[in-house]
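Taken straight from TrEMBL:
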ACT_SITE  A:327  active site, proton acceptor
ACT_SITE  A:328  active site, proton acceptor
BINDING   A:130, A:191, A:214  NAD(+) binding site
BINDING   A:237, A:259, A:262, A:328, A:361, A:415, A:420  substrate binding site
BINDING   A:259, A:262, A:361, A:420  Zn(2+) binding site
């Protein structure tokens, strides 16, 4: 854990180092992924069966067996504790409500020149959802990825999830059902991305692929980008907590550790204006670590990437936060909305002392799929906007064409595009 | 040119072939581009100067000379004919007005459980605009790429344009000035994308790069994706014209040729319900071709990729249009709005007999940077949304936490994330 203070002469160098320190080795898997995609394009279902046997250690015999059957989902849901299903329902209902409120309106703009200009939003036809398997198979992520598609009106939501050894998490299936996923395929890795992008005999191709994954999945998404849409490439997670001395240091410590426990590459940063509170929080982190089941992971993350930064004032804190552009931002000061208004770059913000980021991971309502690794400078969390596209339109009358046509002709001629010019001038009297 | 009819028994096979026919060879330039990016990252301005001398055939001596100076822009603008500047102004004003109308509103959603959920839009800090040089240096594209950034509130807009032999198009500079571009750099190719993404001593890095380019530029954008945002990878352009027999076939022919004259890989498709009109339009294309300065390019595009499809009714036409998901769609029937409402996938639509697509290229107002090559299934034209990002936020009171916290604890425990659960439960009484 780094301890920094903006009052120290070496601060800028140390903070820059914190900003630029790589947290993950970028595995070079380009060639392996290109090979897998090419094998799936050529071999279809047969290739999926072979690759699944090879990578996931279970060997379905037919393509039909790659699909999780409705009866299997029924059985899985029946085995989930009712209070857990109720929690899933509460989360799903709140996520639905928030994403429904995001839905944008169409635009129709009458124009003084006699035209009407517009913009229309329509849903994608089909979306593929990648869900990681093994330790990172999170039912909450199924809700967060599938519900925006359903709310936006996507007709078909297909989910791929690797099942190492053939085992599936029942709560993941319950979440898929609750979120309205249409198809669940036990296929993972780059082969799942290839199947969703290009289609096989069994799996129809989709128009966009969302959801996190390992280095192979990320590279596969990069390689199929253009054929289909993708969401941003997920990197290691991070939180910045802005907290004053009026907070309980134990709460802040748990908030930092909730980020750190995700994986060793996660990053948790506390920024405070109170040196004594910085000490108390750092000490509370050590105390809380001892009681955590995931203390090995969280401890490693905190030691390698954690930081406590003491600032002279909250303007400094806002400026540092913008340089970090964190995925998650907690604002725990007397007037959190005012401080949040001074920050430009963050994926999601949690305002006040009663709003730990973990609420947002599960039940608050906004999406927890968020831009990581400083990409909140330009990227946004998953939303209905990822499941929609826009068509702009123009309607022109003869008078409208007469008003703006001659300028179009002049510009087309200047660009040397004679048919463009002629298509307008032929209609002008 | 293919002539198809949905009444023919071979239609489905012929239409599928039309859909899948490659229009461009995908040049494999991955390794060359990776090398250029690595050279620019290591060498900065010096590398840019070397690469510019090598690829663009002119050798600026200092990095300062890579920047187009305000006096050069003044001189260029002074040399442009006043009526052409007036046309540029008319176009810019209309593009500004339409994009201003696109600006989304923030969301603040009070919640029955005692929380407030919100979504805030903020502009990117810095955007890089790539403008192709040579024959494809279009001033209209400078307006279309830069104005959405300015309207959205982007603080810094930097433009890179290759200048083969050192020559710059004066109207491109006039458009850059009119659109409010802050910096113009005479740098092109993959080296420009590398400089915008990673920065050099002279060129500060940006957060997102937009604008079309050749295969090297497209691959470079793909490789820097993640470090910065990018727009979609532009492919060859296309138009679908839905036209009934009440149209003047000469108008329709010019509309098809306006697409075809872009380049040999462009595609123009007429869909009509009237066989005799199909013949008349095809014949008018041949007539009009003879008078075009770009008849070689347009003729090649029309012969290789053009098509005339006769349908039995407009429902068929709408369904075929969705399969084509064209960049541009002209709807020239008695009730164009009703037919447009039955089409789901198109980048931009032009409604009515007085609305050639070329209006939209220049002066209508909506953006002409649009999704090509069937990507309108999932992608949208350039807009203010490309220049903004969203931050969602949650504000919770103690009562709000009490209402939704226990479900979050249950889900966190089910996912094995103990610190997540503890960060919530520690705050519950």
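Note: Cβ is positioned from N, Cα and C throughout, glycine not excepted.
Automatic prediction, not curation, is the source of TrEMBL annotations.
Shown on the structure are the features that TrEMBL records.
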| residue | record | DSSP (3 states) |
| --- | --- | --- |
| A:130 | NAD(+) binding site | strand |
| A:191 | NAD(+) binding site | helix |
| A:214 | NAD(+) binding site | coil |
| A:259 | substrate binding site | helix |
| A:327 | active site, proton acceptor | coil |
| A:361 | substrate binding site | helix |
| A:415 | substrate binding site | coil |
| A:420 | substrate binding site | helix |
Using DSSP reduced to three states, classify residue A:237 (substrate binding site) as helix, strand or coil.
-> coil
Cα within 10 Å of residue A:259 (substrate binding site): which of the binding-site residues A:130, A:191, A:214 qualify?
-> none
Check the recorded positions A:262, A:328, A:420 for other C-beta atoms within 10 angstroms of each C-beta and report the one with the most.
-> A:420
Recorded positions near residue A:237 (substrate binding site): from A:130, A:191, A:214, A:327, Cα within 10 Å gives A:327
By CA-CA distance, flag whichever of A:130, A:214, A:327 among the recorded positions is nearest to residue A:361 (substrate binding site).
-> A:327
So among the binding-site residues A:361, A:415, who's got the most Cβ atoms within 10 Å?
-> A:361
Near chain B, which of the recorded positions A:130, A:191, A:214, A:237, A:327, A:328 can you find when the cut-off is a Cβ distance under 8 Å?
-> none
Compute the C-alpha separation of residue A:130 (NAD(+) binding site) from residue A:262 (substrate binding site), stating it in Å without decimals.
-> 19
Cα nearest residue A:328 (active site, proton acceptor) among binding-site residues (A:191, A:214, A:415) -> A:214
Distance, residue A:214 (NAD(+) binding site) to residue A:420 (substrate binding site) (CA atoms, angstrom) = 48
Distance from residue A:262 (substrate binding site) back to residue A:214 (NAD(+) binding site), taken between C-alpha atoms, in Å | 14
